[in-house]
Each structure stands twice: as structure tokens, then as C-alpha cells.
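Written below as C-alpha cells is the structure these notes are about.
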Amino acid sequence: MDINNEEKQYLNLLEKVLFQGEDRDDRTGIGTKNVFGEQLKFNLRTSFPLLTTKKVFWKGVVEELLWFISGSTDVSVLNQKGVKIWNKNAESFYTQQNLFKKNDLGPIYGFQWRHYGENYIGCDNKYGGIDQLKNIITTIQNEPWDRRMILLAWNPKDNSKMALPPCHCIAHFDVSSKINGKRELSCHLFQRSADMGLGVPFNIASYALLTHIIAHVSSTNTELIVPGDFVHTLSNVHIYKNHIKALTEQISRIPRKFPTLEIINKNKNIDAFSSKDFVLKDYNPYPALEMEMAL
């Protein structure tokens, strides 16, 4: 049987943190096992890196990413799609700071991606600012050799007003030379805080999907852009101590073949997608593992 070596690198890192990581106190009071400075790499050309050693909440991955892309910071919009992964953050943020109304997460990812530099007032307001996503798409189409295609979520001016400052902070996109009539789009993500149990599997899938979407909408009649690699740099790599039992089970599982992804909506407008446009094929994961989110 072929071993899924790409998922195996994630499992190897889990094992390293579990058995070699140092014990640390943390903001949540739960405690963690920690290592610092690791990297994973996934080939997006023929498969999609949705982990198989536990079932990953695919609907949540897609809807959260589309919510980020829309620029929304209103958790009720995500709730309407049946996704409640930000609800506890919203409740805690409102209780502790009460800066905005209860469903408002502050100037988190979507706001930074689409309205960078604007003064955040609330989730119901209209904003201008720098549309980083559209700038990246335009650059891919017009100057694919450019080395400044960066998507930034980290904003020191705004971090204190966010329900949670960005864990995945900076994504750098790179376009290859033309090979066999097409170019490849790769993404390198820097993640300052990497929760190996809950966050990282989600983040891998999310930025792999974002790379697929940007490649899709950046393609033109004369220039085909396809996904290349996803490189994931993890800075503070940690496992919460209340996740150890579940993750010990996960590393005992033999990874299966990754699924594939098809985008069936042929439009080139990044704001015009729905979750139905992304078809995941041949996803055969092990059962989900229960882990509580640390706040």
C-alpha cells in the first residue's frame, strides 16, 4: 500500500511535539507541549491536502474561507451557513472587551484582506482601503514574476481590537515560469501560532483552497494558472494538553490517499463563489476526533 507521505509529515510533527516538546504555560491556562520553527510542504497539482487520519470539517473550511474572502467580520453571517466555529471567540470577545456588538469579531482576517489600512468602526459599515486579494490577482495576471504578492492579516494597529489576533499572518504567492503552456501558483504561509490538533489541519486545507481559487480566477484566455505547492511555515508549534489523548490516537492511524478538488463554477469573480462550487472527490477519512477549542 502506498503511504501518503505528505500527511505523514504532519503526523511526524505531531509525534515530535508530543514526545519532544517542552511543557509550557499558556494564555488559556490549559498548558501546552511546544516546539519552535517547523515546516510542511504539500503538492497541490494532483491532490488536495485534506487530512485523512481524522475527518476534517470540510463545509467549515469552505464557508469560513468564503466568509474571509467576502471581507465579513460578522459571525452571524457564518452561522447562517451552519458554521459556528467562531462563536466561542465572539462570546468571549464581547464579554471581556465589549468594543462592538455581540456578533462583531472586530477587524479580523476578512477585513484585513479586503480593506487593509481602513479605520474599523463595526461589521455593518462600508469600507475602502487596500484590497489585497484583488491586487494579488491583478499582479498575477500582469506581472507574474513579481515577488511582492503578499496577503497580510497581521496589523499591529488593529490587533487589540480583534476577537483573536491572526494566527496565520502572512501568505506569499509565487508564480512559476510558463511550463507546457501554463504557470503554477504556489503559496507560502507563515503561521505564528500553530494549534496542531484543531487549527493546523483546517489551515492547511484553507490555504490550499485559497491557492486553487486564486489560480482559477487569475487564469485568462491566453494564460492558464494552476495550483503548484503549498508551503506551511509554523512558528510556535503546540499541542494543548487536553488534546493529547486524541492526537495519540491520530498518530496511530495510517494515512490514506488525499482527495482531489474540482472547481465547477467557471466564473472569474472571486466574490461570486458558493460552497457548491467546490467538489471534493474520493475523501475517505478515519472518524473525527473530539477536541475542545482552547480560549
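Including glycine, each Cβ sits where the backbone N, Cα and C put it.
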Asn159, Asn203: which one does Swiss-Prot list with Arg27, Arg147, Arg148, Arg192, Ser193, Ala194, Asp195, His238, Ile239, Tyr240 for the dUMP site?
Asn203
Cα distance (Å, whole number) from Ala294 ((6R)-5,10-methylene-5,6,7,8-tetrahydrofolate binding site) to Ser193 (dUMP binding site):
13
Of Arg27, Arg148, Asp195, His238, Tyr240, which is closest to Cys167 (active site, nucleophile) if I measure between C-alpha atoms? They're all binding-site residues.
Asp195
Inter-residue C-alpha distance, His238 (dUMP binding site) and Ala294 ((6R)-5,10-methylene-5,6,7,8-tetrahydrofolate binding site) (nearest angstrom):
12
